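One structure below.
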Amino acid sequence: MDGFVLSRPDHSVVTRGVRRSFGSSDAATHALSAGTTKLIVGALPFDPAAATALYEPAEATIASRPWQPRDPQTLPTTRVDREIPSSSEHLRRVEKLIGRLRSGEIDKVVAARTVELRTQTPISPTALAARMTALNPVANTFAVDLSAAGAEFEGHSLVGATPEVLVSRRGRVVTCRPLAGTTKRSADSEQDREAGESLLRSTKNLAEHAFVTAWIREVLQPMCSDLSVPATPELTNTHEVWHLASPIRGTLRNDTTALDLAMALHPTPALCGTPTDAALKVIRETEEPRRFYGGAVGWCDDAGDGDWVVAIRCAEISADGLSAWASAGGGIVAESDPQDELDETSTKLRTLLTALGAETLD
Ligand SMILES: C=C(O[C@H]1C=CC=C(C(=O)O)[C@@H]1O)C(=O)O
């Protein structure tokens, strides 16, 4: 795809063409601080050691409203071809992780899995992003070309509709809205309300969430003259699930850019774990590389303002558009149940599978 889309309910950045690409965040940060670029857009990978897909676009349209795609395009029928790993292997991995959590080696770790999808006619990344915007109007929809990350990503794109904001900066005001803690929604409105209320009381989910807010506080506190982190999370939802969410707000002491803030905060324990380095090591040993799933997608301008959303509820699309890899994960703590964790990833995968017209796994 040629370009970048990040559509939020009250803001959108849509770009075309590439003036320069950056395979590392240092190069992008340098271009912004040297004043040689006005805008950087793109994606950060899950693993901070991997290459980035960041660009200075040739043209950009920035608006205080969601993206309004011009031509409605059709999407082909897509089917799930393979699970990576299989459901039974994911269960085994989670069981082993619970053992490591109970031994005290780590406090929390996020376990993820992927489904490979195939189709006979190419998936257009912008058509998929348009459909996801229509299906998830309060989510943050994105479509990003990943080519700048190197030969294995040439022509690949990342498309999704995420409910989670890693960080947003406007002037000295910094905001985050981490999510962690999940339960499935119900078609019955009374049961649905009860599911949300019991999530708010779930000690296991509250613990999962508290690791994330503690990390964000630890990173932002030294950078902020004031920082407000709610003592308890609130409820939020997508079509498929309820989540625990914490709206965090601070005032920056200096002019740290949105891109630098994103790099300092990423990967939060909502996608990685606690302690961060130990959890990252466990994920590298246990899983296939996450590539850009679990990373961040966003923009940063030459004033340092920007938005970075967490790359979840998304899929990587191949260069020929005939394959897609959708991933989902969940936070594991010592009290987790492997089957519940597998089911949670199946429910989270619904966002992508439904948009692609594929059969869901739950
Ligand atoms: C890792 C994912 O979700 C994160 C965001 C919300 C709730 C989460 C959880 O309850 O585990 C995860 O931290 C994903 O959707 O793939």
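The backbone N, Cα and C atoms fix where each Cβ goes, and this holds for glycine too.
Long-range contacts of the region 'Disordered' (64-88) within its own chain (CB-CB distance under 8 A, at least 6 residues past either end) are made by residues 5, 7-12, 14, 113-124, 126-131, 133, 137, 141, 288, 324-325, 342, 353, 355-359, 361. What TrEMBL records for 64-88 is region 'Disordered'.
Residues or ranges marked as compositional bias 'Basic and acidic residues' in TrEMBL: 79-88.
The domain 'Chorismate-utilising enzyme C-terminal' feature in TrEMBL is assigned to 88-348.
With DSSP classes pooled into helix, strand and coil, the tally for the compositional bias 'Basic and acidic residues' (79-88) is 2 helix, 6 strand, 2 coil.
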